[in-house]
Each structure stands twice: as structure tokens, then as C-alpha cells.
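Below: one structure, written as C-alpha cells.
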Amino acid sequence: MIPRRHHFKPAPQPTVQVLQPPDEDAPSLTITMLGAGQEVGRSCCVIEHRGKKIVCDAGLHPAQPGIGALPFIDELDWSTVDAMLITHFHVDHAAALPYIMEKTNFKDGNGKVYMTHATKAIYGLTMMDTVRLNDQNPDTSGRLYDEADVQSSWQSTIAVDYHQDIVIAGGLRFTPYHAGHVLGASMFLIEIAGLKILYTGDYSREEDRHLVMAEIPPVKPDVMICESTFGVHTLPDRKEKEEQFTTLVANIVRRGGRCLMPIPSFGNGQELALLLDEYWNDHPELQNIPVYFASSLFQRGMRVYKTYVHTMNANIRSRFARRDNPFDFRFVKWLKDPQKLRENKGPCVIMSSPQFMSFGLSRDLLEEWAPDSKNGVIVTGYSIEGTMARTLLSEPDHIESLKGGNVPRRLTVKEISFGAHVDYAQNSKFIQEIGAQHVVLVHGEASQMGRLRAALRDTYAAKGQEINIHTPKNCEPLTLTFRQERMVKAIGSLAATRPEHGTSVKGLLVSKDFSYTLLSPADLHDFTGLSTSTIIQKQGVAISVDWAVVRWYLEGMYGEVEEGVEEEGKAAFIIMNGVQVVQISPTAVELRWKSSSSNDMIADSALALLLGIDGSPATAKLTASPNKHACNHSNSHSHTDLYPHTYPGDKSAKDVASNPEFERLRMFLEAHFGHVEGPNLRPPLPPGADGDGNDDKDKDGDDWLTMDVKLDNQTARIDLISMRVESESAELQKRVETVLEMALTTVKSLSQTFLGGGLDVDMVKVEPNESDS
């Protein structure tokens, strides 16, 4: 440590230095739809923020064959995905998962796939069923994966619980919430570096016979990515739908017809089975007419439904508690052999997959029953554009047969949606309750989505509110920018006492996963497991000039240099309170400093300055005159001191008042205000004397230097020690303070600017003379 030759009082060091974040840390969010952008089907949403990448859902388009059914997977480097979140098991949300996990470079990265326990259980069954159905399709190009791919993807997925907070390294976390819709369906509240995104998937805000409705997360998200399946349509309430449905079914079988209901193996099929079983129980006249579900997958899935009763609504849970299993149907039976239908020509009700009737048993039964007007088909779910289910709704005279040719269509076609999607009223209310700053509409046809956006804007405008609604197309990135505050949490000994407002708190700033913690260096190991080390750096430089010349250059660059001796007695300078320049020999100096971002910059600049001394014209001028040269020998002779060493006690009042920094400050103020007086210095009052108007003293009686700015008969006095401004005119005081701030930035030396101090002023005590007595 170098002994100081005089007292130097530096300004307080900055407590925390916060660097600008890199580009990838910019507070913007990018949402790219690889599917379900202004369409229904192949849901796949990519969310990117602060270097993190999340994919929500990976479905197939039911109306497209083969590769064309996949999302636009070539638009993404799947090895960079941090997590995939699957909302539910439906084909248009999960059926592309085996292909992505097994046939892309997703497996080369570190990403994991997450879904709820019930979704994972049913996912394995439905994907195996998808493989089986694809194998039945004569078009082999539709076979995207096999059973081995499905099994491998199923084993790699991670099952999570509702309301479970899942934390992934790097500031990424998510929580699943109930979405209604189907068993196991969830919406995900995703948080990336403090930014919250709610991805709803398909959801329902109406409790049915076995499912709870979608819940509102307790935390308000910044962005809501929301389905828009039904657009502005308003659906009848549940009781009305159930009455219409059961009446339609009863009318078909009472006229001797056969009723076909194409359903997914899981989802509204179980809901309809509960409804029909209850209706048949209440109508004995129908109990001789069989009701079938023609799906082995449906039968196997009932075991899953019984396993996850705890996720269903209170009615189902209470019935199970009474040992009354609602899924033990009395009248709805499993049709193991479809040939039985061809042998028995009487009326019946059959629920069969697949839902969209593109192929499979539901398509076979449609073609077989279509010519008979006594028969009927009831479409109970949402029909995607391009599927046979959507074609039937237009009631064509003929339908295309998979065997070739056309089949006359005489059976009745009705639609009653039990698809467990929200209608406009439910969707609009839910969006308002969530209260997100941005709403992104997905999973809806372009026309429906456009009408929904207009209706939502009108709803908010009527309340005098604004909302940002976006409807991105597939592969068109949507970028949203957010203004986020960075909060620093003090822990350990720093948090022992609450600091007063305006006080400085100094400590180590620890950043992890986009969160910031301030703690004392002594607490670092206890709270983080990290240890600290101090790096002392040294750099030798050869010089050929006198030690005084070195000081002259350092003073010219940094404004103030402290002179002293280091521990071994060698002469040294201290630059800006951080870097030592030690004279290790007459022809060499050594820079020494504790490594830090600020000290490294100072050392770099000092090194560049010292290396340029020999080639500088100023050096030649300084050493050209006799006795003003570098002395590299031991002969004793006089030298002209390039820097007159003056200390506080050596400076007279006249010396201080004529400080060139004050002169530059006065010139700066005169350019703005015109009339400036000073610097002024008056001796203190003698003991016992009365006041004479001289108030330029501190509490110890030492004189203060002042400067007076006069404008329009008003005066503002500047204390040149503290740089405070006082005036009876508040307006003039404010103007002078503003100009003074600019002036100090201009006239201060580099060291004063860096350390945050004022002008270099030493306190001067002036003895009173007789004229002042």
C-alpha cells in the first residue's frame, strides 16, 4: 500500500455497474405458427424469448395426407428447442410428435417433451390407433411413422401434474392448468425471464358431465395465445344441446333407422356415452334398441378414465366415492365385431371413429347407410375444412366412395356440436378476465378469426379500453416488444437492515436465469457456493524520460495523480484511485492494479500513454532546455521541476481563486448568463464579531469559494466546494443548476468525471488581516 503525501477525498464509487444486455437478451417475444395460423389443424406454436425456445403442440392436419399433414417443420431447427408442451391428445395437437421426436434433429438437442399424466396415458393409445388406421389406408404415403416410433416418443415424454411448477434451467418455467375440453387437457402458463405467456390450446368454459371447465390462472399473463375455433358463433347452452341431441337420436331410431355418430375415440365420445346411457335409462321404450361404441380403443381407454377420476368434476368424484361408477354403462355396449351390424338390419345407434370419416369404420358405415333415408348421421364435433364430415354438412346428393365411384346420399345430416370449444360469449369473457396486454388468435379459420378480432375490438372500445389482437399466418413471425423492469433482490447481511431512501448499497451483483441478487462478498460462498479471488496484474514498460516527465503526461491525461512510495520504498503514482505506476528503475516503470472492468480500462489507457511518450513532440520540447532533461545517471545537479508540488497549506487564497478550472467555469457561465462574479473568497469573522453579511463559511468557520450569477436583478450563488446553487428566485436557481451540470461535464478532468467528484479544490484557511477586523 502506498503512503499518501496529502489527504485526497475521492467521490463515492458507483455501487453496481450494470452492463448493456447482448442482442439475444433484448426484451422482445417472437411467436411463429408452424400450423394452426389462420387455419384449424396441425397446431404448432413456436415461442422465442431471450434465447429460449418453446414449442406448444405438434399436431397433424386431418384433411391432408402424408407429409402434407405435418406442420411446417423445416422452418425450425428442432435441436435448439428447450421444451415441447403438448396440451392434449387430439390428432391435430399431438399426432406429429412421434415424427418430430424420431425423424428430425430434435433428438440431437437437449429439449424435453411435457404433457399431463392423463394426456400421456391416452396419447400412447391414440397414436397406436393412428398407426393402425394409417395401415388400413390404401395410400401408403400417409404412413409417417410406425409403432416403434410411437413407443419411443411415449417413453421419452415427461408427465406432469396440474398446478405443478416446472422449472427448466435458464429462467424458463411453466405451470399446467385445467383446460376442460378433454380428459388431461391443459393450458400452459409459461414464464421466460419474467415474461408470462398463457397458451390455452383447446379449452372449454362449460362444465359437462365429467370434466371441469377451464380455470383462470392466478397470475396475469403478458400475452395470451388463444383458440378461435368458433369465431363469433354463439352455441346453445348445454341443456338445450342435450335435448336437441337426444331428440334427434330418438327420432332416427323410432322411424326404424340407424344413427351414426362419428366421434374421436377419446373426448366427447365418453361424454355422449354418459348422456345416451342416462337417456336410455329414463326411456324404457328405447331400451330394446342397441347403443354401441365401435372402437376397441374406446374400450381400452375407459380404464384410463377410471384411473384419472380425481381430475374430473365434483359430480363424477362423488359418484365414485359412493362406489357408483358412471362409466359402467348399462345400455351403451362395446361392438366387438362390426359384422354383427350387417346381420341385424334393425334400428341402432353407433358411435364410431374416426371423427372426420376420411377412412376407417365410420367411413365404411357412412357409405353403407347413406342411400337409406331412414338413417341419419349426427356430426357432434367441429369439422375441419377438407374432411368428409365438413362435406356432409353441405348435404350433397352424392358422396365419393373410397372403393371408387359415388354413393347417393339420402340419409339425414345434422350437426350438434359437443366439441368442447368455447363460443364467442365464453371466449370473449375469458379473454377479458385474463386481461393480457396482447391476445394472439390461433386455431381458427381466417374468416372466423377476422370476425372474432373485430368483435373483440368493438367490445373493448365500448368500454373505453384498448387491446392488441394479432392473427398471425403460418410461418409469419409475430414480434412483440415489452418494457420490463429489472428487480434486484438483496440477501444475506445486506438485507439485515432496510436502507433509507437515497442511500447507496454496495455489493456483488449475481445474475442467474435472468434474476438478479445483490449480496455482500462475505456472503457469496454461503448463498451461491462460489468463492472470490483477487487478481493483481503487473505490466512493465521501458522509458527514457525523467520521472517528472511521466507525471506531466499522467497529469495531462487524468487531471489528478497522487504521489507516494510503495511498500518497497519505490516512487509511485496512483491514477484514478486504482492503478499504480511504480518507478522500478531509472529506465523502467511498472503498472500494478487489481483486475476489474474499470481498472483494466484505466491500465490500458495508461499503458498506451506511456508507450507513446518517447515518440511525442511534447517530450522533445520538455527535455530540450538545459536542466530540463531526463536524468538517468547518479550525478547530483539541479533540475527544473516540471510540476510545482503544492499542498493545501502551501496555496494562498489568490492561488486558489485563480485556479484555471474556475476560470473555465466562469467563462462557460458568462456565455449563458452574461454577468458572473467570482471566484470570491472572504476571510472568516473574528471571534465575537457580529455578522457583516459574509455567509461564505462552513460550519467550522473555513471560508467557502463562491461564484455569483446575476440576471435581471436576481442573483444565484454557486458554492464552488459543494457545487450547490442558492437563489431567492427558484426559476433562476433551476436554470443555473442545469447549466452548471453541463459546465462541470465540460471543464472537469478525466479523473474527476470518472470518480464522480467536483472540481479539484483544496480547503484554504486565510488569517484575518486588520482591514477585516
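Cβ atoms are placed via backbone N, Cα and C, with glycine included.
When Swiss-Prot records D92, H93, D202 as binding Zn(2+) 2, the matching candidate from H443, H470, H501, H525 it lists for that site is H443. Together with H88, H90, D202, Swiss-Prot lists one candidate of H181, H210 for binding Zn(2+) 1, that being H181.
Each of the recorded positions H93, H421, H443 was scored by how many other Cβ atoms lie within 10 Å of its Cβ, and the smallest score goes to H421. With a cut-off of 8 Å between CB atoms and residues at least 6 apart in sequence, the same chain places A36, V40, G41, R42, S43, G59, L60, H61, P62, I384 near D92 (Zn(2+) 2 binding site), listed in sequence order. Spatially close to D202 (Zn(2+) 2 binding site) yet at least six residues away along the chain are T87, H88, H90, H93, A179, H181, V182, A185, E227, T229, A420, H421, H443, judged by Cβ distances under 8 angstroms. In sequence order, A36, V40, G41, S43, D57, G59, T87, H88, H90, G201, E227, T229 are the same-chain residues whose CB sits within 8 A of the CB centroid of D92, H93, D202, H443, the residues recorded for Zn(2+) 2 being left out.
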